[in-house]
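Notes follow the structure.
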Amino acid sequence: MNTPEHSELGKSSAYVDQYDASLLFPIPRLAKRLEMGVGATPIFFGADLWTAFELSWLNLRGKPQVALAQFIVPCETPNIIESKSFKLYLNSFNNTRFPDAAEVQARLRADISEAAWRGAPQASTVGVKLLLPEMFDREDVAELDGLSLDRLDVECSRYTPAPDLLSAVFDEPPVSEVLTSNLLKSNCLVTGQPDWGSVRIAYSGPQINQEGLLQYIVSFRNHNEFHEQCVERIFMDLWTRCKPVKLTVYARYTRRGGLDINPFRTSHPQAIPPNIRMARQ
């Protein structure tokens, strides 16, 4: 079984510039989910939205082509794709000739689907969209909608996940709120390098104490875990301690190595949000 410690993270890597799908390094989701109390059958739906800003290949005449790529990896896939391996894989397209962008898109979809669904009794596909240069000026930048928790002047002293900071009012009528923060920070599980993010929490149920929620978000500051795992941990802690009827947690992390990762988890089926980057991304 692939583990984070066996990946290329934190190691010197040769940059291959000829197409090589074997560079992708899938890591099973299950071990971390069991640690969080998720179990083999998650109670949430969702996906991991990736954006690749550094994708290039050669056309049949050897002329470089560029594009942005967006990926939707369903959270029911048994594996996440380790991000450095994703970067190395994308770099392997750099000096490889393809007849057109459609062939590149098809190759990306086939390879990433195989890695993400590897080991599943029934495999499916991931979503892949290429944005060519003539579409670049249509790309929007927008902030997360909702009431900002960052307006609160709270004292923060805990920098590892502290779910006991979460509380809700159970003896008052339920509410529906959308709360956001730009103060999410965690660290790479293997290298300890900082990962900076913003988070949007939408819920219906007992009103969540906002000061405690902000302190809880800040408590991830020194925590080592992958983006997807942090969002699932936030979801499970809120679900367990605050007992909402509906809950959605969506985080957008700043890019590293030309990639950003934006995990989305929700308690009820709904449309995946459009992959619109924020100013910090």
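Backbone N, Cα and C atoms are what each Cβ position is placed from, and that goes for glycine too.
Straight from Swiss-Prot, the features:
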- Cys188: active site, thioimide intermediate (ACT_SITE)
- Asp195: active site, proton donor (ACT_SITE)
- Ile81, Glu82, Ser83, His227, Glu228: substrate binding site (BINDING)
- Ser83, Lys84, Arg256, Gly257: NADPH binding site (BINDING)
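Within 10 Å of its Cβ, the residue among the recorded positions Ile81, Cys188 with the fewest other Cβ atoms is Cys188. Of the listed binding-site residues Lys84, His227, Arg256, the Cβ environment within 10 Å is emptiest of other Cβ atoms at Arg256.
Proximity to Gly257 (NADPH binding site), defined by a C-alpha to C-alpha distance within 10 angstroms, is shown by the following recorded positions from Ile81, Ser83, Cys188, His227, Glu228: Ser83. In the three-state DSSP assignment, the secondary structure recorded for Gly257 (NADPH binding site) is coil. For the substrate site, the Cβ centre of Ile81, Glu82, Ser83, His227, Glu228 serves as reference, and the other residues of the chain with Cβ at most 8 Å from it are Ile27, Asp48, Ile80, Phe86, Phe226, Ile261. Annotated NADPH site Ser83, Lys84, Arg256, Gly257; additional same-chain residues within 8 Å of its Cβ mean position, judged by their own Cβ, are Phe86, Lys87, Gly258, Leu259. For the recorded positions Ile81, Glu82, Ser83, Asp195, His227, a Cα to Cα distance of within 10 angstroms from Arg256 (NADPH binding site) holds for Ser83, Asp195. The full span of the recorded substrate binding residues, Ile81, Glu82, Ser83, His227, Glu228, taken as their largest Cα to Cα distance, is 11 Å. Every protein chain shown contributes to the tally, and the Cβ of Glu82 (substrate binding site) ends up with 24 other Cβ atoms within 10 Å. Each of the recorded positions Ser83, Asp195, Glu228, Gly257 was scored by other CB atoms within 10 A of its CB, and the lowest score goes to Gly257.
Distance between Cα atoms for Glu228 (substrate binding site) and Lys84 (NADPH binding site): 15 Å, as a whole number.
Rounded to a whole value, the Cα-Cα separation of Lys84 (NADPH binding site) and Asp195 (active site, proton donor) is 14 Å.
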